[in-house]
Amino acid sequence: MNGTEGPNFYVPFSNKSGVVRSPFEYPQYYLAEPWQYSVLAAYMFLLILLGFPVNFLTLYVTIQHKKLRTPLNYILLNLAFANHFMVFGGFPVTMYSSMHGYFVFGQTGCYIEGFFATMGGEIALWSLVVLAIERYVVVCKPMSNFRFGENHAIMGVMMTWIMALACAAPPLFGWSRYIPEGMQCSCGVDYYTLKPEVNNESFVIYMFLVHFTIPLMIIFFCYGRLVCTVKEAAAQQQESATTQKAEKEVTRMVIIMVVAFLICWVPYASVAFYIFSNQGTDFGPIFMTVPAFFAKSSAIYNPVIYIVLNKQFRNCMITTICCGKNPFGDDETTSAATSKTEASSVSSSQVSPA
């Protein structure tokens, strides 16, 4: 084994030299230079600095503007709330630990931080799945005349929490465990060991299958069908110029959504699966640290892609920031244009970016 396993940790560093210490008690500067830990702390501070205002504005603007309180926006609010889980429940802990070079909050703190980080990430992921299903059902119309209503939105939000709990809660009750990962300043599910005492192998397989592979397949299927439907409608010239413009925006949004999802999560999932499948192989702490910390940036990507690129929401946000005035456009003009689009057979409420 090229790492050192303890009762509640796994350090990716051989202990032949006798320098490995518990990441809950001693600085881990034998894994990386002190300045590298400082870089991690600065990075986490940046995520907090950017993630809090964007996600807070998302919640605040929706409360301020009644026209934004639509069923679909319930899912978007859920997404912003999930990001707050990570920004408040995980990021400050990781930043403070990085400043000290080890996980200073002990094993209990590790479980709390790991739970919040996993919970927030999974709520966000399953929110994207609900959005994908909604777009597919409304635009592709596998069920004729289906209208996404408030009850559907509430059910969707409930599903995201149930699925997130089904992933984040088991390690708290003995199925797998949360341990420090990478440079030992943040916690996640144990991909490093089989740990038969907590049936770790079965949980990791369950997590990758149910909480990563299946959501990814659903997202790709729904948005793949969405793109095909939009292209077919444009080719048949069944829609007005305004609607075709909305369709192009959907195509652009779909590409951004899929690429952002891949950029945020696939590197982390791939490295985690590699480590799990090749236990005992030689890899450094940076190997897991970089994708793990990069995945945390989804707390910023998500609101930018799913909220800010929504024209109506963007106008409302600008109006709120500018104390009731929008210096860049006229809300009424935008609303009129939206109404015209909604009059077509494929309405903007059906095809505009969520």
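Every residue gets a Cβ built from N, Cα and C, even glycine.
Record features (Swiss-Prot):
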type	residues	note
DISULFID	Cys110-Cys187	disulfide bond
CARBOHYD	Asn2	N-linked glycosylation site
CARBOHYD	Asn15	N-linked glycosylation site
LIPID	Cys322	S-palmitoyl cysteine
LIPID	Cys323	S-palmitoyl cysteine
REGION	332-354	region 'Disordered'
TOPO_DOM	1-36	topological domain 'Extracellular'
TOPO_DOM	62-73	topological domain 'Cytoplasmic'
TOPO_DOM	97-110	topological domain 'Extracellular'
TOPO_DOM	134-152	topological domain 'Cytoplasmic'
TOPO_DOM	174-202	topological domain 'Extracellular'
TOPO_DOM	225-252	topological domain 'Cytoplasmic'
TOPO_DOM	275-286	topological domain 'Extracellular'
TOPO_DOM	309-354	topological domain 'Cytoplasmic'
TRANSMEM	37-61	transmembrane segment
TRANSMEM	74-96	transmembrane segment
TRANSMEM	111-133	transmembrane segment
TRANSMEM	153-173	transmembrane segment
TRANSMEM	203-224	transmembrane segment
TRANSMEM	253-274	transmembrane segment
TRANSMEM	287-308	transmembrane segment
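Taken through DSSP, the topological domain 'Extracellular' (275-286) splits into 5 helix, 0 strand, 7 coil. The recorded positions in question are Cys110, Cys187, Cys322, Cys323, and the one with the fewest Cβ neighbours inside 10 Å is Cys323.
Count of Cβ pairs under 8 Å against the transmembrane segment (74-96): among 111-133, 153-173, 253-274, the largest is for 111-133.
Below 8 angstroms of C-beta separation, residues 8, 23-29, 34, 37-38, 40-41, 44, 178-180, 183-187 of the same chain, each at least six residues beyond the ends of the topological domain 'Extracellular' (97-110), sit close to that stretch. Residues within less than 8 Å, Cβ to Cβ, of Asn15 (N-linked glycosylation site) and separated from it by at least 6 positions along the same chain comprise Thr4. If you take the Cα of Cys110 (disulfide bond) and the Cα of Cys323 (S-palmitoyl cysteine), they are about 42 angstrom apart, rounded to a whole number. Following the DSSP three-state reduction, the secondary structure of Cys110 (disulfide bond) is helix. Counting only the Cα atoms, the space from Cys323 (S-palmitoyl cysteine) to Asn2 (N-linked glycosylation site) is about 58 angstrom. Annotation for Asn2 (N-linked glycosylation site): spatial neighbours Pro12, Ser14, Gly280, Thr281, Asp282, Phe283, criterion Cβ-Cβ under 8 Å with sequence separation of six or more. When the Cα atoms are compared, Cys322 (S-palmitoyl cysteine) and Cys187 (disulfide bond) turn out to be 40 Å apart.
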